[in-house]
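Enquirer: Below are the structure tokens for one structure; questions will follow.
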Amino acid sequence: MDHSPAPFTDLLFAPDALPGGPKVVPVLVPLPAERPYSYRVPEGMSVEPGSIVQVPLGPRQVAGVVWDQPTDPVDARKLRAITHVFDCPPLDATMRRFIDWVADYTISPPGLVARMVLRAPVAFDPEPHVDGLRATGVLPPRMTPTRQRVLDTLAQSPEWTRSGLANASGVAVSVVDGLVKVGALEPVSLPPHPAVPAPDTAHGRAELTPDQREASDRLIAPVEAGGFSVSLLEGVTGSGKTEVYFEAVARALDKGRQVLILLPEIALTQSFIDRFHQRFGAEPAQWHSDVPPRMREKVWRQVAEGRVRVVAGARSALFLPFPDLGLVIVDEEHDPAYKQEDRTFYHARDMAVVRGREGGCPVILASATPSLESRVNARTGRYAHVPLGRRFADAALPDLSLVDLRRHPPARGRFLSPVLLTAIEETVKRGEQALLFLNRRGYAPLTLCRACGHRFQCSQCSAWLVDHRLRGTLQCHHCGHAQHRPESCPSCGTLDHLVACGPGVERIAEEMLETFPDARTILLSSDLPGGARRLRRELDAVADGEADIVIGTQLVAKGHHFPLMTLVGAVDADLGLANGDPRAAERTFQLLHQVTGRAGRSGLPSRGMIQTWSPEHPVMQALVAADPDRFYDREAHERQRAGLPPFGRLAALIVSADTRREAEEHGRELARAAPQDMGLEVLGPAEAPLGLVRGRHRFRLLAQGGRRAPLQAFLRAMIAAAPKPRGSVHVQIDIDPQSFL
Ligand SMILES: Nc1ncnc2c1ncn2[C@@H]1O[C@H](COP(=O)(O)OP(=O)(O)OP(=O)(O)O)[C@@H](O)[C@H]1O
Ligand SMILES: [Zn+2]
């Protein structure tokens with residue numbers, strides 16, 4: 001007799017159906033549904049947890065996932081039936097637990113998290129086979145040299161597409177068609193093309209330096225061992241972190257596992273793709289919003305089938321249905337772009353760690369300037385700390401100095417100190433490149449009328465309109481509103497009295513063109529026409545030495561390798577420090593360290609010059625002292641004192657509504673509903689620094705508690721006890737907020 005326990009699925013599925021009646025299963029649909037809905041499984045259909053199915057929902061048909069928690073006991077005959085089971089690998093238990101975990105942690109409806117997984121609906125059906133040709137063995141009655149070439153090609157590889165065969169043989173397709181007609185070739189159905197060729201781990205193995213070898217061995221060990229672990233690869237800028245973690249990627253691939261590499265701004269990092277290609281002889285599959293829909297569908301499907309072995313992607317790649325993930329890498333793990341602040345607010349670095357834990361696989365976090373969270377985890381031993389202290393090829397780190405703007409102010413109406421201008425001139429004279437970094441798009445952040453003091457403000461947001469000269473518009477950076485820059489003041493009517501206040505990158509470019517008319521100046525900013533494609537091209541051009549002076553926003557700070565760059569100037573280092581955000585110091589430190597780290601990467605002596613009005617600020621001091629430990633220790637101390645993450649727990653609630661009164665009122669009701677006995681407290685509601693966005697008024701509350709405080713339970717209790725949001729009121733929860741606007 002068989003004493004093995006009933007299969008898991010039986011336990012979950014059987015009790016829900018009434019005895020003898022049809023089967024009922026829970027299906028998670030991609031909507032803000034708090035729990036799966038029950039559906040009937042029609043006679044003759046078979047599903048299992050994770051099956052991707054089509055179900056009726058109201059008047060529509062939607063794709064959903066068969067879930068695995070018990071449904072309410074209901075009469076199956078009253079339920080609607082599943083319409084269709086897709087011929088698609090089911091989402092495995094790891095992926096389902098991951099969805100549950102993310103939903104629970106972020107307090108989002110699980111349906112919305114599932115929606116991030118089900119983003120490629122066409123991929124649920126198998127890819128069509130491709131029409132191909134193969135030899136029949138019948139020889140053509142009349143042999144010609146071109147026909148012979150085709151048969152030779154077939155001798156090397158037996159199956160081809162019609163045009164592929166013609167191409168490879170160097171003949172016209174009519175020759176191939178002729179061979180079909182005489183019976184020498186016959187049609188055959190070929191499997192769909194792979195999204196990318198398979199990586200070859202033996203292809204372009206790099207010669208690692210002893211330091212790099214030691215670091216890569218430490219990253220390979222957990223891959224070898226299998227199981228969950230996190231390693232923090234902390235290597236100075238230009239130390240070759242990529243080469244080092246590629247060896248761990250190679251090991252995971254050799255073990256037959258899949259690999260996910262997360263990158264911020266992957267749409268801009270062609271150089272990463274090229275380096276991967278050099279190492280593995282093929283590109284990784286890419287996953288980001290710039291990938292055309294058909295390719296995305298192909299990648300989704302082939303990831304699910306295990307055919308795609310490596311994905312390099314943006315944060316949403318975390319939700320691809322890998323059946324056999326053996327390694328996750330989060331490159332530039334400190335990057336704010338990993339935080340999604342839209343619908344489901346999540347931090348991809350943190351969720352990558354969870355994905356690794358759920359799937360029992362190692363995770364590597366890489367950065368020259370890790371987040372304080374990861375640093376603390378490395379110090380306490382939760383993460384393995386793998387340092388790389390030296391640049392590759394013995395390149396020296398740039399010599400960093402502060403330019404005290406009080407002592408060396410720019411000329412009137414200008415923004416660069418004479419000290420920095422001299423350095424630029426010297427650099428360009430030597431045939432090297434200078435990079436000027438300012439994290440502000442456009443020409444000027446504020447325009448005002450000198451006659452009446454009128455300031456141009458967005459009517460829908462609490463924000464000034466930013467002057468974009470290249471487009472001839474004033475724009476709101478929060479809602480996208482754009483208007484023509486008028487000649488006269490809309491308030492007093494005075495002509496030609498509008499002045500631009502403060503600098504944006506366009507204005508710095510103007511200053512450069514006027515000061516160094518003979519230099520080749522290039523402006524890189526994400527809002528210029530041409531989009532990501534143009535930026536990729538221009539970044540390549542900079543790397544090839546086709547510019548002398550480069551001006552850019554934070555996109556130039558990220559991971560680029562410009563061999564001729566020997567001077568980096570930060571135009572306004574104080575910019576990020578002013579906004580009262582608890583992460584302002586950390587962010588500023590990271591950004592300035594990263595951007596100055598673009599200098600001197602190929603061994604030339606280099607400089608980083610940081611313009612500041614407050615050279616005594618601890619961030620500025622830590623930067624020039626090149627003493628990250630001191631900075632991190634100080635930051636950790638401050639956060640610990642304030643009970644902020646990672647030493648305490650924090651969540652934000654953003655209440656928005658069409659009127660200020662409604663938003664504030666609902667915020668107050670939430671605060672009143674906060675449980676008193678759970679060890680957490682609520683601050684606010686306070687009007688958000690951005691009090692108005694797209695015409696919606698915003699108030700913020702913060703929930704704060706100790707490291708072990710039950711934050712999610714507290715928030716759930718608070719929301720349950722407060723009145724339901726009425727009318728236009730909406731509440732957005734943000735666990736571990738990164739933005740405090
Ligand atoms: N062992 C190696 N053999 C050949 N080239 C290497 C090796 N290690 C690093 N490099 C080269 O050195 C340069 C810097 O490496 P990489 O961009 O990986 O640095 P990084 O640590 O990621 O720096 P950052 O944090 O500033 O982005 C690259 O051009 C890389 O190809
Ligand atoms: Zn606006």
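Count begins at 1; order follows the chain as displayed.
Cβ coordinates are placed from backbone N, Cα and C, and glycine is handled just like the others.
Heads up, TrEMBL stuff is auto-annotated, nobody curated it.
Quick paste of what TrEMBL says about this protein:
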| type | residues | note |
| --- | --- | --- |
| BINDING | C449, C452, C489, C492 | Zn(2+) 1 binding site |
| BINDING | C458, C461, C476, C479 | Zn(2+) 2 binding site |
| DOMAIN | 222-388 | domain 'Helicase ATP-binding' |
Enquirer: Between the Cα atoms of C458 (Zn(2+) 2 binding site) and C489 (Zn(2+) 1 binding site), find the distance and write it as a whole number of Å.
Expert: 15
Enquirer: Which of the binding-site residues C449, C452, C489, C492 have a Cβ less than 6 Å from any atom of ligand 2?
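Expert: Listed by sequence, the hits amount to none.
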Enquirer: May I ask for the distance between C461 (Zn(2+) 2 binding site) and C489 (Zn(2+) 1 binding site), taken between their Cα atoms and rounded to an integer number of Å?
Expert: 20
Enquirer: Among all protein chains shown, how many Cβ atoms are found within 10 Å of the Cβ of C461 (Zn(2+) 2 binding site), not counting that one?
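Expert: So the Cβ neighbour count for C461 (Zn(2+) 2 binding site) comes to 22.
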Enquirer: I need the most crowded of these binding-site residues: C449, C452, C492. Count other C-beta atoms within 10 angstroms of each C-beta and give me the top one.
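Expert: Comparing the binding-site residues C449, C452, C492, the most crowded Cβ belongs to C449.
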Enquirer: Look up C452 (Zn(2+) 1 binding site) in the DSSP assignment and reduce it to helix, strand or coil.
Expert: coil
Enquirer: According to DSSP, does C476 (Zn(2+) 2 binding site) sit in a helix, a strand, or coil?
Expert: coil
